[in-house]
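Some notes on the structure that comes next.
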Amino acid sequence: MTEQARDTEALIRDQIAKHAVLLYMKGTPQFPQCGFSARAVEVLSQIGRPFAYVNILENPDIRATLPAIANWPTFPQLWVKGELVGGSDIMMEMFQSGELRTLIEENTPTPEQG
């Protein structure tokens, strides 16, 4: 593994550890650059809790390295409390069942506590 790859892996692990809810996506929440990322943002917005994001289009090293770390080949990727939840299809299924709202609400402060 190259030094750059080790640095990128360390950066990713730090991001995942630092943020309770983290979305690796194409684009930004305001301007998603693919339909799957747009759907993921919409789901998280409906839950109404804060989340961090990383635009992988502006971070090609992360885009190349994260799939190997996560053992998940596609984007977006939702991470909650250091654990990979999945991509937009899994997010939609969990949102529709209520499971995603519960998971995120249990791991983030309410807007009043923020």
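Keep in mind that glycine also has a Cβ here, set from the backbone N, Cα and C atoms.
Note that the structure is a prediction, hence the values are computed from the model and not measured.
Positions annotated as domain 'Glutaredoxin' by TrEMBL: 21-85. Per TrEMBL, glutathione binding site is recorded for LYS26, ARG63, PHE75, SER88, ASP89. Per TrEMBL, the feature [2Fe-2S] cluster binding site maps to CYS34.
Taking Cβ-Cβ distances under 8 Å and a sequence gap of 6 or more within the same chain, the neighbours of PHE75 (glutathione binding site) are TYR24, MET25, LYS26, CYS34, PHE36, SER37, ILE56, ARG63, GLY87. Across all of the domain 'Glutaredoxin' (21-85), the predicted model scores a mean pLDDT of 97. Here the Cβ of SER88 (glutathione binding site) has 25 other Cβ atoms within 10 Å, regardless of which shown protein chain they belong to. Following the DSSP three-state reduction, the secondary structure of PHE75 (glutathione binding site) is coil. In the three-state DSSP reading, SER88 (glutathione binding site) counts as helix. Neighbour counts were taken at the CB atom with a 10 A radius for the binding-site residues LYS26, CYS34, ARG63, ASP89; the maximum falls on LYS26.
Taking every pair among LYS26, ARG63, PHE75, SER88, ASP89, the residues listed as contacting glutathione, the largest Cα to Cα separation comes to 19 Å.
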